[in-house]
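Accompanying notes for the structure given below.
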Amino acid sequence: MSKDFILAIDQGTTSSRAIIFDKKGNIRKIAQKEFTQIYPKSGWVEHDAMEIWGTQSGVMREALEFGRVKPDQIAAIGITNQRETVVVWDKETGDPVYNAIVWQCRRTSSICDEIKRDPQFVKYIKENTGLVVDAYFSGTKVKWILDNVEGAREKANAGKLLMGTIDTWLIWNLTRGKVHATDYSNASRTMLFNINSLEWDKKILDYLNIPESMLPEVKNSSEVFGVTDSHTLGGAEIPIAGVAGDQHAALFGHCCFEKGMAKNTYGTGCFALMNVGDKPVYSDEGLLTTIAWAENGKPTYALEGSIFIVGAVIQWIRDGLGLVRSAEDSEYYATKIDSTNGVYLVPAFVGLGTPYWDMYARGTIVGITRDTKREHIIRAALEAIAYQAKDVLECMKEDTGLDLAGLRVDGGAVQNNFLMQFQSDILQSEISKPKINEITSLGAVFLAGLAVGFWKDKQELKSILTTEKVFEPQKDSQAVAHDYRGWKKAVERSKAWAECYS
C-alpha cells in the first residue's frame with residue numbers, strides 16, 4: 001500500500017490533536033479533544049498524563065477513521081508538543097507518580113529564588129542552557145516532584161523512575177516503553193541541557209539532585225526515533241520520525257531556514273522565534289537562547305521571547321468577565337471604537353515573561369475613567385497581545401542588530417484581522433499570514449517527511465507554503481511611539497505585585 005500521508009501529533013496545553021497531511025501539504029483530516037485543566041492551588045497548573053495519552057491516542061484513531069486513511073498509508077509520524085510540561089513515571093509500570101506539571105505552573109518559584117541567591121550559578125545556567133532561572137522550565141518541576149511525592153526520591157535514586165517532556169511521554173507510550181527519547185529542541189527547554197556541549201548538564205543535575213538515569217536519550221529533530229508498537233495503531237509499525245517543541249516546529253513550518261527569519265505564534269501563550277544560525281546568540285535583553293532543531297547532529301539555534309498569556313486573555317474576558325460570548329466577538333467590539341481611550345490591560349496572570357521575567361507581576365487594567373466601556377476593555381486585551389509581541393521583537397533587534405524584515409504569523413489569533421492589523425501598525429512592519437494555519441503541525445510533518453524521504457529537501461518544503469494575506473502598517477510612527485510609551489507605563493504598574501501584597 002502506498003505511503004501517501006504523514007500524521008501529525010499536536011499535543012497542546014488545552015487539547016490533543018491529530019492531523020493527517022498529504023504530500024502537497026493539504027489537510028486530509030483533523031481530530032481534536034480537550035482535556036482537564038487541574039488547578040490544585042493558586043498559581044499551580046497540572047495535567048493528568050494518562051488523560052493526555054488517552055485523548056491523544058483517541059484522536060489519532062479518529063483522524064484515521066474519519067479521514068478514511070489506513071495506518072499502512074502513513075509514511076511517518078511527526079510529534080509537536082507543549083514544551084516544559086514534565087512527567088515523571090515508573091519505569092516498570094509506566095504509571096506517572098504525579099500529575100504532569102504544566103509550563104504555566106508557578107509552584108517552584110521558591111526553588112528558583114533559592115538558585116538566584118547564587119549569581120555565579122545563575123550565570124552558569126544562562127551561558128550553558130541559554131535560559132533564565134524561572135519556574136517556567138522543567139528542571140525545578142522535576143525536583144519538586146522528587147522532593148514532595150512520597151517515595152519518589154528513593155525510587156529515582158534506585159533508577160526506577162523516568163522523566164520526560166510531553167514528547168518523550170508520547171514516544172514512550174506509542175512504542176510501549178521501547179523508546180525513552182526526546183529531541184534537541186525539547187531538551188533545550190528543560191534547564192538541564194547544555195546547548196554548547198549538547199549533553200545533559202551534570203553540574204545542574206547535581207545541584208537540583210536529579211539522577212541522570214531518569215533522563216531520555218537526545219536525538220535529532222528529524223530522525224527515526226522508533227516505530228509504533230503493533231498494538232498502538234491497527235497493527236502498523238509507523239516510524240516516529242519528526243519531533244520538535246511546538247514553537248520550534250512552527251519556525252520550521254514557516255520555512256524560516258535562513259538566519260534572521262522570524263515567526264510569531266499566537267496560542268495559549270505567544271512565542272516569537274528568530275533563526276540565528278549554527279551558533280548560539282546570547283541575549284542582553286531578556287530573550288532565551290534555544291535550539292530550534294537539529295539535523296545530522298548539527299543544531300540550528302534561535303532567540304526566543306516567551307509571553308505567558310495571549311489566547312488565555314481572550315478566554316478570560318469571555319469566561320471570567322463575560323464581556324463577549326465568543327472569542328470571535330472580540331474583533332467586532334474592538335472595531336466599534338477608534339481607540340482604548342487610554343486604557344491598558346496587562347495580562348500578567350502568572351507573571352511576566354520576556355523581557356521582564358517577573359514571577360511576581362500580576363494582571364492590571366489602568367487608565368479607567370467613568371467613560372470606560374466594555375469595548376475599551378476588550379480592545380485593550382487584544383492590543384496587549386500585540387504590545388507584548390513588540391516587547392519581544394524589539395529585544396531581538398537589539399541582540400542581533402537585524403531589522404525585522406517582516407514577520408510570519410500563525411495560531412488561532414491570526415484569524416482576528418483587527419489584531420493582525422494592529423500588530424503590523426505597532427511593529428511598523430509587514431505581517432504575513434500563510435494559507436495553512438496549522439503551521440506547528442506542518443513543521444512536525446516536514447521534519448518527519450524529510451527523515452523518511454517523503455520530501456527530498458527544504459526547497460520542496462518552501463514550495464508547499466503559500467501566503468494568504470499580508471498586513472501593512474497603516475498608523476504613523478509618532479502615534480505608535482505614543483501608544484507604546486503608555487503600554488510601558490502600564491507594565492511598570494503590574495511588576496512585583498504578588499511579592500508586595502502576598
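Backbone N, Cα and C atoms are what each Cβ position is placed from, and that goes for glycine too.
Binding site for sn-glycerol 3-phosphate per Swiss-Prot: ARG83, GLU84, TYR136, ASP246, plus THR13 from the candidate set THR13, THR335, THR340. Each of the binding-site residues ARG17, ARG83 was scored by the number of other CB atoms within 10 A of its CB, and the lowest score belongs to ARG17.
A Cα-Cα distance of 12 Å separates ASP246 (sn-glycerol 3-phosphate binding site) from ARG17 (ADP binding site).
The least crowded of the binding-site residues GLY311, GLY412, judged by other CB atoms within 10 A of its own CB, is GLY412. Proximity of THR13 (ATP binding site) to non-local residues of its own chain (separation of 6 or more, Cβ distance below 8 Å) is seen for GLN82, THR85, VAL102, TRP103, GLN104, GLY267, THR268, GLY269, given in sequence order.
There are 29 other CB atoms within 10 A of the CB of GLN247 (glycerol binding site), with all protein chains counted. Those same-chain residues not listed among THR13, ARG83, GLU84, TYR136, ASP246 yet with C-beta within 8 angstroms of the centroid of the sn-glycerol 3-phosphate site C-beta atoms are GLN82, THR85, VAL102, TRP103, ARG189, GLY245, GLN247, GLY269. The closest partner of ARG83 (sn-glycerol 3-phosphate binding site) among the binding-site residues, by CA position, is GLN247; the full candidate set was ARG17, GLN247, GLY311, GLN315. Under 8 Å, Cβ to Cβ, and six or more positions away along its own chain, GLU84 (sn-glycerol 3-phosphate binding site) finds TRP103, TYR136, PHE137, SER138, LYS141, THR165, ARG189, THR190.
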